[in-house]
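Listed features, source Swiss-Prot:
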{"type": "BINDING", "residues": "TYR60, HIS105, THR106, SER107, ARG111, GLY136, ASP160, GLN186, GLY187, PHE203, GLN212", "note": "S-adenosyl-L-methionine binding site"}
Amino acid sequence: MKTNDNYIEEVTAKVLTSGKYSTLYPPTVRRVTERLFDRYPPKQLEKEVRKKLHQAYGAYIGGIDGKRLEKKIEKIIHEIPNPTTDEATRTEWEKEICLKILNLHTSTNERTVAYDELYQKIFEVTGVPTSITDAGCALNPFSFPFFTEAGMLGQYIGFDLDKGMIEAIEHSLRTLNAPEGIVVKQGDILSDPSGESDLLLMFKLYTLLDRQEEASGLKILQEWKYKNAVISFPIKTISGRDVGMEENYTVKFENDLVGSDLRIMQKLKLGNEMYFIVSRL
């Protein structure tokens, strides 16, 4: 007779063998399967897991081809000659290259107008961190020329769900000779053990977490160990329309923090995104 764990493992394995879901982080698929297990009979469970994954991770599933992404990045790198002159010239080359790479993903594309001052403004409030954790990083590891220029020369760890994207980022960072302290890996902030760093980045992630599990964004902020965290929200739609997102997200986030041990140190608005710099009381 199959146990509950047997059913969960079986459904998780079936979902992960599907081409559409095969590059998704396995603990994420198992977590979703476990959450839905008591709600649906075994014969319906696999269908509901797929449905939930599509709802929660539609931006990743089917939207990322790691090999294609890697080729696009390689093309960008080879189109702009690598300078062999002074360090300042190389830094400007890295910034030009990385901005083009950051344009390849919707979330970082919207942020390219802000990178020149984003980390400097954050570090003015938090101090220069010795370590950064970037949860749900997407292509944000390629902002390294901007946070290193702002003084962050320690360890940066970025993680995201899609294996193909992470492998493409790893390979491309090596091609660019990025600092050794920059590490990317496959991971899920809701599935993995809590971590520790000076600065936790949750760019456009808080709302996505809450959509998966109620109040999980706040739960992560309370469980992780950090000196400061930066949580961002979009203030306009992808098409640039103002539909009240800034007010709605601000009210929601401020209300979430009521009664917690967290406080907002500063709110920044850069481009179509707002950033809340948070610390513990």
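Including glycine, each Cβ sits where the backbone N, Cα and C put it.
Positions of Swiss-Prot features highlighted on the structure.
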residue : record                               : contacts (Cβ under 8 Å, 6+ apart)
ARG111  : S-adenosyl-L-methionine binding site : LEU102, LEU118, ASN140, SER143, PHE203, LEU270, GLY271, GLU273
GLY187  : S-adenosyl-L-methionine binding site : TYR25, PHE159, ASP160, LEU161
GLN212  : S-adenosyl-L-methionine binding site : ALA56, LEU190
Three-class DSSP secondary structure - ASP160 (S-adenosyl-L-methionine binding site): strand
In three-state DSSP terms, the structure that THR106 (S-adenosyl-L-methionine binding site) belongs to: helix
Least Cβ-crowded entry, counting other Cβ within 10 Å, from the binding-site residues listed as THR106, ASP160: THR106
